Amino acid sequence: MNKTAIALLALLASSASLAATPWQKITQPVPGSAQSIGSFSNGCIVGADTLPIQSEHYQVMRTDQRRYFGHPDLVMFIQRLSSQVSNLGMGTVLIGDMGMPAGGRFNGGHASHQTGLDVDIFLQLPKTRWTSAQLLRPQALDLVSRDGKHVVSTLWKPEIFSLIKLAAQDKDVTRIFVNPAIKQQLCLDAGTDRDWLRKVRPWFQHRAHMHVRLRCPADSLECEDQPLPPPGDGCGAELQSWFAPPKPGTTKPEKKTPPPLPPSCQALLDEHVI
């Protein structure tokens, strides 16, 4: 399947319905020991933690949408990364969407973020903390040129390279999704220390933020991990294929019905949603 078709499928999956999903009716984490269940794009979470809104090292955006819940491992990762960034004097980490209180499907914007192991982080590190108004209506900084072939040189900063590298070097991180042009710039800037680049994967959009994904926790027995990324730094032919023009004859894929929920997630919905 070519990349245009994949992009259309991802769009359909992330915005299949603008109506509220049953998961949005669950307003508090489900009590219990933390368990990520199912896959990143078809799952849920029991025992989610709430990311503390107040921190000297990070700020949480769009708190009115209440998407600041996740597995305790995700909360600890955010605290760990933002502390590293702060100690290096790089600025304040801006946290976007994590997941809903019980995970599950969004009504739009995300196909994944369902098991409490995904977080979006802006690719800007303000030296001055944002106001409440800025956090509620954040202005994304598009780092990619209009033609999508490279980053905007005046906007690309060494601190952003370091932010992505620090995240990729974290032991719990398995993937970081960024725009292909951003991946390309990372490849150019990386020098000889390149092992971490394997985790950084090119993906559609992601022009102003990175999407960080953690591995399944060892004690979440119903959590489904993705296969590891292909060996190597991912800076060769695979990356260049993202810049090739779409093949002629691309057709819009049919809208697909979401797959059945994992039984444990369906049972959770049955118990907690009237």
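Just so it is clear, glycine is given a Cβ too, placed from its N, Cα and C backbone atoms.
These numbers come from a predicted model, not from an experiment.
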Residue among His206, His211 sharing the Zn(2+) 1 site, where Swiss-Prot lists His110, His113, Asp120 as binders: His211
Recorded disulfide partner - Cys187, candidates Cys216, Cys223, Cys235, source Swiss-Prot: Cys235
Swiss-Prot annotation, disulfide partner of Cys44 among Cys223, Cys265: Cys265
DSSP three-state assignment (helix, strand or coil) for Cys187 (disulfide bond): helix
Asp120, Asp147 as binding-site residues, winner by CB count within 10 A: Asp120
When distances run from the Cα of Cys265 (disulfide bond) to each of the binding-site residues His110, His113, Asp147, His150, His211, the nearest one: His113
